[in-house]
Amino acid sequence: MVKFGQLCSGNSSNRRRTGDRWGQGHYGARRGNREHQGLDIVCNDGATVYAPFDVKLNGKVIVYTDPKKAAINDGINLSGEGLCFKLFYVKPDKYSGVVKKGQRIGTLLTMQSVYPGITSHVHVQMCDKSDPTKFF
């Protein structure tokens, strides 16, 4: 089975966000009246985000429609190793092309500016919204 390589500088083991004042980072965690549809991997604001394996960059992700969250409203659609997934809260260096495993995709946006006190993280969401946990 495919396993994600290191996603973020400073977190070589892809440690997951557990709980903080904003909630929990596991797939299926409650978000008010909905469920969290991804997995949160700890990443410091401004840290480098890496390709977990050889990936194709397939364009921009719009995370929010709320203008108050504009500071973190970016992400990227990716595919590789037979998987289609999205990374939220990442400012990619580019939105198309190919990035090899371990090479830089971009940087984590400033989550603290929108969610003070949150454990800053990359949100990993499969394109079909299935649980990505088994790939970590």
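Note: Cβ is positioned from N, Cα and C throughout, glycine not excepted.
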Selected from Cys8, Cys84: TrEMBL disulphide partner of Cys43: Cys8
Beyond the site residues His36, Asp40, His123: chain residues whose C-beta lies within 8 Å of the centroid, for Zn(2+): Arg17, Gly25, His26, Tyr27, Ala29, Gln37, Gly38, Leu39, Phe88, His121, Val124, Gln125
By Cα-Cα distance, the member of disulfide-bonded residues Cys8, Cys43, Cys84, Cys127 nearest His36 (Zn(2+) binding site): Cys127
Pairwise CA distance, Cys84 (disulfide bond) versus His123 (Zn(2+) binding site), rounded so that it is a whole Å: 14
